[in-house]
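Peer 1: Submitted below is the structure of interest, expressed as structure tokens.
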Amino acid sequence: MVSASRPEALAAPVTTVATLVPHNATEPASPGEGKEDAFSKLKQKFMNELHKIPLPPWALIAIAIVAVLLVVTCCFCVCKKCLFKKKNKKKGKEKGGKNAINMKDVKDLGKTMKDQALKDDDAETGLTDGEEKEEPKEEEKLGKLQYSLDYDFQNNQLLVGIIQAAELPALDMGGTSDPYVKVFLLPDKKKKFETKVHRKTLNPVFNEQFTFKVPYSELGGKTLVMAVYDFDRFSKHDIIGEFKVPMNTVDFGHVTEEWRDLQSAEKEEQEKLGDICFSLRYVPTAGKLTVVILEAKNLKKMDVGGLSDPYVKIHLMQNGKRLKKKKTTIKKNTLNPYYNESFSFEVPFEQIQKVQVVVTVLDYDKIGKNDAIGKVFVGYNSTGAELRHWSDMLANPRRPIAQWHTLQVEEEVDAMLAVKK
């Protein structure tokens, strides 16, 4: 009995052990439990490291928040930039397509509109294709001039008053003009008067009077010309406009005063003599007047070969008397001579406003008399551009003032000098 029950008692524990061991050793853990263990370990490790950092907890939390914000901001910027690029590409494609269509059709559209406009014009005017269309020309407004006329029967003198001008056109770059007026009688034109130049104005007030010695019996056959010019120091003066008054249409029983509109000037048939450029300089303390003959251009052809041999004479005059005379060298075979020659005259300050400088351009001739090409004078009783040059010299002592002058017929200048003795 004892032997039989003992094996059974021994076997039971074996079976029990066999069933318990596998249950304790091989039962698998659930996925949630594994992740929780890993997170717990990581958290525990992080907290251990965090406690090692020598900062208070609130500082660590602030750093963490800033880091998170930076990461979020960077992500937002990257996403926005990507979206913006996509939109631009899309718009560019749409815009390119539209432009291509417009560029393709623009010529046809322009032709169509042009043809339509021509048809509309023809319909309005009633003209056919074979008829020529003439556009009406608007009259150019040149301004107007106020003047007065009177005759002194006792002294046989025609008195011409240049009062003022208005609404003149702007011929200079700055939107203004430098106007002055020329007055002369036709047909002789020997005696010309000029008003003073008024700078930078379109409405100059002159109030100047000029006297022509003309017998009344001859006055009816003459025509008075009043021409308004724009002064230019370094080039030819531009004519703004003019008008003519036949003397046989004027009633000299009373003083005539009226406004007249300026008309386009007729082309002058007078032969051009050329232009000369010279500078003036006056030193009051030394009483020294310096004239520098610089150059001349477009001189009249005097020789058979179509050229000239020009030189220049300078006379210092007072009361019709020649005080001193100078002359330049001769330039052979040219109509545009260059001199750059200086001449000095002693003129005391109290005499400077009483003298005249007469400049004459002549053509040298080995055989015979040297012919005068043209002449001009500045100084006492000069007018227009010549008076302006002299005034500028006096207003700027010690400074050379250069200016171009148009040469005039010698006889006309001599007549003016003779009258103004």
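Glycine residues also receive a Cβ, built from the backbone N, Cα and C atoms like all the rest.
Feature table excerpt (Swiss-Prot):
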TOPO_DOM  1-57  topological domain 'Vesicular'
TRANSMEM  58-79  transmembrane segment
DOMAIN    141-260  domain 'C2 1'
BINDING   LEU171, ASP172, ASP230, ASP232, ASP238  Ca(2+) 2 binding site
BINDING   ASP172, ASP178, ASP230, PHE231, ASP232  Ca(2+) 1 binding site
BINDING   ASP232, SER235, LYS236, ASP238  Ca(2+) 3 binding site
MOD_RES   SER264  phosphoserine
DOMAIN    272-405  domain 'C2 2'
BINDING   ASP303, ASP363, ASP365, ASP371  Ca(2+) 5 binding site
BINDING   ASP303, ASP309, ASP363, ASP365  Ca(2+) 4 binding site
MOD_RES   SER342  phosphoserine
MOD_RES   SER344  phosphoserine
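Context for these features, please: burial, neighbours, distances.
Peer 2: According to its DSSP assignment, ASP230 (Ca(2+) 2 binding site) is in a strand. ASP230 (Ca(2+) 2 binding site) is surrounded by 19 other CB atoms, counting those within 10 A of its CB over all protein chains shown.
Secondary structure at ASP172 (Ca(2+) 2 binding site), as computed by DSSP, is coil. Taking a C-beta cut-off of under 8 Å and a sequence gap of six or more, ASP172 (Ca(2+) 2 binding site) has these contacts in its own chain: ASP178, LYS200, ASP230.
Counting every protein chain shown, the number of other Cβ atoms lying within 10 Å of the Cβ of SER264 (phosphoserine) is 12. DSSP assigns SER264 (phosphoserine) to coil in the three-state reduction, placing it in neither a helix nor a strand.
Residues belonging to the domain 'C2 2' (272-405) score a mean pLDDT of 93 in the model.
DSSP gives ASP365 (Ca(2+) 5 binding site) a coil state; it is part of no helix or strand. On its own chain, ASP365 (Ca(2+) 5 binding site) has ASP309, ASP371 as residues at least 6 apart in sequence with a Cβ closer than 8 Å to its own Cβ.
A sphere of 10 angstroms centred on the C-beta of ASP303 (Ca(2+) 5 binding site) encloses 13 other C-beta atoms.
Classification of SER342 (phosphoserine) by DSSP places it within a strand. The Cβ of SER342 (phosphoserine) lies under 8 Å from the Cβ of THR290, VAL291, VAL292, each of these being in the same chain and 6 or more residues away along the sequence.
The Cβ of SER344 (phosphoserine) lies under 8 Å from the Cβ of LYS288, LEU289, THR290, VAL291, each on the same chain and at least six residues away in sequence.
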Peer 1: Filter the recorded positions ASP238, SER264, ASP303, ASP363 down to those whose C-alpha lies within 10 angstroms of the C-alpha of PHE231 (Ca(2+) 1 binding site); answer none if the list is empty.
Peer 2: ASP238
Peer 1: Apart from ASP303, ASP309, ASP363, ASP365, which residues in this chain have a Cβ no more than 8 Å from the mean position of the Cβ atoms of those residues at the Ca(2+) 4 site?
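Peer 2: Other same-chain residues near the Ca(2+) 4 site: MET302, SER308, PRO310, TYR364, ASN370, ASP371.
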Peer 1: Cα-Cα separation of SER264 (phosphoserine) and ASP363 (Ca(2+) 5 binding site), in Å?
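Peer 2: Their Cα atoms are separated by 35 Å.
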Peer 1: Excluding LEU171, ASP172, ASP230, ASP232, ASP238, which residues of the same chain place their Cβ within 8 Å of the centroid of the Cβ atoms of the recorded Ca(2+) 2 site?
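Peer 2: My list of surrounding residues reads SER177, ASP178, TYR229, PHE231, HIS237, ILE240.
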Peer 1: What other residues of the same chain, not counting ASP172, ASP178, ASP230, PHE231, ASP232, have a CB atom within 8 A of the CB centroid of the Ca(2+) 1 site?
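Peer 2: In sequence order, the nearby non-listed residues are LEU171, SER177, PRO179, VAL197, TYR229, HIS237, ASP238.
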